[in-house]
Each structure stands twice: as structure tokens, then as C-alpha cells.
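Inspection log for the structure reproduced underneath, given as C-alpha cells.
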Amino acid sequence: MYQRIVVKFGTSLLTGGTRHFQLARMVELVRQCAELRQMGKEIIICSSGAIAAGRERLGFPELPNTIIHKQMLAAVGQSRLMRMWENLFEIYETHVGQMLLTRADVEIRSRFLNARDALHTMLEYRIIPIFNENDAVATAEIKVGDNDNLSALVALLAEADLLILLTDQAGLYTADPRSNPDATLIPRVETIDESVYRLAGKSVSGLGTGGMVTKIQAADVARRGGTEVVIAAGKEPNVITRLVKGEALGTHFAALETPLDNRKRWIFGGTTPSGGIIVDQGAARALRHKNSSLLPSGITKIEGDFGRGDTVSIRDQDGSELARGMTRYNSEDLQRIKGCQSDEIAERLGYAYGAVVIHRNDLILV
Ligand code: GLU
């Protein structure tokens, strides 16, 4: 059974391919999410539909097909979309929180950490985070572009064990099922290569941005981070609850087997350390042998100027590098909290990003 699940709802699913949102469909999706949450599962939603909701709200105006007009529609529609989700989740006494991201929010390390911390805090308080791209401000250069890929980034942020991409097709077929009656559903894909992309063809649905190709791209990103991915039909009865219980619906993409290493590689991807943290013998031993996180108490010296989210080199008293990791505090903060107990951080800085300086999951031993 899966525990932490990202579910992506596309515009076509929420509107049933029409110009209007189908509340009956949405309430059905909400019921399943609420039921899983009741069972103690952690549910994270990635919902498209801001632009469609804006169009509906403004009475389907004739507009030029430019980014700026889409941004306007998204600005009008996003709040409406959230209001719909909020009202529906209220039926199940479940709170939701809005998270709007652009590509920069996952690529710039400090922002990545902020988004990840906010997401994990919501989960801790049993709030269902609802993600969308921040369309109103996202220009072409900083846009993820489609919510399939966005949901894969969310799965990485969340360290989810399952990503469900709900769409209007039952999954990936051996050929386009709309034109080829012999097409059969592929139940499981072990690895994603060119041939898989070829199967996905050029299928695009009417209202959203994505299609099968962006779903395969998303599946590839998520599975490299250790998340299993499934593409399935949103209108299949109880599709979310059945998938979470392990039923073989739709097309499953196997997660790569060493998720943590892959996730770390993704987090660190080729960066050279921006500075150094020197630790005492006790901390060095704990990092090497006890799988511990780095706490301020074990830090004796800070070298260089670096920011929150930067990759730094952790060295022992002799100067030899023992690990690299992503720091939650910048060098200036660390100068003030080095050697102190974690519960003194807030007092010394006036704020705190948590008890650890570098979390175990953000650290690789060298
Ligand atoms: N972010 C867009 C919206 O909410 C949808 C992007 C997509 O369809 O993938 O309207």
C-alpha cells in the first residue's frame, strides 16, 4: 500500500471535455481523496483548470491567443478553482492549502527548500496541498508549461511513493485507441526509452496543455526520484482509492530502485560546493556511522559565504571532506548558531528553519 500520493487532475477531466466544470466529477474525486486521508494516507493534489475557470467566469470572451491573456484568465480563474476545491473538501471537513509554483521554485535551491518545507508542514498538519503552476506570473522562460511535468516536480518535492496522472484515456496503448481498434492497453512499463515515447505519439487533449508525451516525460522524472507512476482514466469508478490499494489499473511505470540516491543526485546535480562546514569529532562520527543529520552543536567553523539551499562541503578537523549536503541555513546564520543546541536557534536568529542544519536526506557521504 502506498502512503504519500500525488494525484494530478487535468482540465479535461474536471470539465469532462466541455467548457464547464463538472462539480459531480469533482466531488467524486474529492470523496476519494478524503476517504484516503481518513485512512491516514497523505494526499497531495496537482490541479489544472485555472485558465478554463477564468474563461468560464468571464463568459468565454474572444481573446487573442497570447501568454498575457492566458495570464489574465489564470489570475481570474485560480481563485475560483481553489474556491471550488475548498467548498468540496469542506463537505469532508478537510482543509486544503494552495501552492503555486514556477520552474524557478524548484530549480533555485533556497526556493526549493522553502516549497518543500511548506509542503511537508502542511502534510504534518493533515492539510491537503493543492498545487498549480503560478500561471499569472509565469512567463515562457520560467514556466514548467504543463501540469504533468509540474506534478512530477511536486512528487520530487514531496518524496511521494505514488504519482497518479488522471486523464481521459485508460492509460498507454500499443497504438492510438481512437483510430486503431487493435490497440491494447499496456499494463506495466519497466523502463522509459524512445519506443515508449513513440507509442505516446502526439496525442493532446482539447483543453489542457499536456498529452501522452508530457505524461511520459513526467513519469520519467518521477520514477528517477523513486516514485511509482500510473496513468489511468479519471472517470473509472473509485480509481484513486483502488490504485492506492494496489489494484492494477491503467499503465504503471516502475520506480527506479535506488530512490534515495537518485533523489540526491537530482538535488545535487553537478554543483560544486559554495563553502565549507567544519565539524567536531563527534559529529563526524555520527555522520559517517550513524546515519545522522548535521546539527549546529557539532559545527566548529564556517568557511566561505553561502546561501540557504546551497551545496556545501562538510569537513572534519583535519580538513578532509566527509560529506556534501544542502544547507538549510546560510553562512551568516551558521556563524551565529555554530556550537549551540538546536532549541537555541530561534533565540539567536529570531527565526528558525528547523533543528537540523543539513538533513540526512540532503546529504551524501564522500
Ligand atoms: N496551469 C494550467 C491551468 O491551470 C494548466 C496546465 C496544463 O493543462 O497542463 O490552467
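Using N, Cα and C of the backbone, Cβ positions are placed for all residues, glycine too.
Annotated ATP binding site per TrEMBL: Lys8, Thr167, Asp168, Thr209, Gly210, Gly211, Met212, Val213, Thr214, Lys215, in sequence order. Annotation comment: TrEMBL describes Ser48, Asp135, Asn147 as substrate binding site. Residues or ranges marked as domain 'PUA' in TrEMBL: 275-358.
Positions of the features from TrEMBL, shown on the structure.
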| residue | record | DSSP class |
| --- | --- | --- |
| Lys8 | ATP binding site | strand |
| Ser48 | substrate binding site | coil |
| Asp135 | substrate binding site | coil |
| Asn147 | substrate binding site | helix |
| Asp168 | ATP binding site | coil |
| Met212 | ATP binding site | helix |
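When each of the binding-site residues Asp135, Asp168 is scored by how many other Cβ atoms sit within 10 Å of its Cβ, Asp168 comes out lowest. Ligand 1 lies under 6 Å from the Cβ of Ser48, Asp135, Asn147, out of the binding-site residues Lys8, Ser48, Asp135, Asn147. All protein chains considered, the CB of Thr214 (ATP binding site) has 24 other CB atoms within 10 Å. Its Cβ placed at the centre, Lys8 (ATP binding site) has 28 other Cβ atoms within 10 Å.
Between the alpha carbons (Cα) of Asn147 (substrate binding site) and Met212 (ATP binding site) lies a span of roughly 12 Å. Checking each of the binding-site residues (Lys8, Asp168, Met212, Thr214) against Ser48 (substrate binding site), the C-alpha distance stays within 10 Å for Lys8. On the backbone, the CA of Asp168 (ATP binding site) and the CA of Asp135 (substrate binding site) stand 23 Å apart. Cα separation, Thr214 (ATP binding site) to Asp135 (substrate binding site), rounded: 18 Å. Between the alpha carbons (Cα) of Met212 (ATP binding site) and Asp135 (substrate binding site) lies a span of roughly 22 Å.
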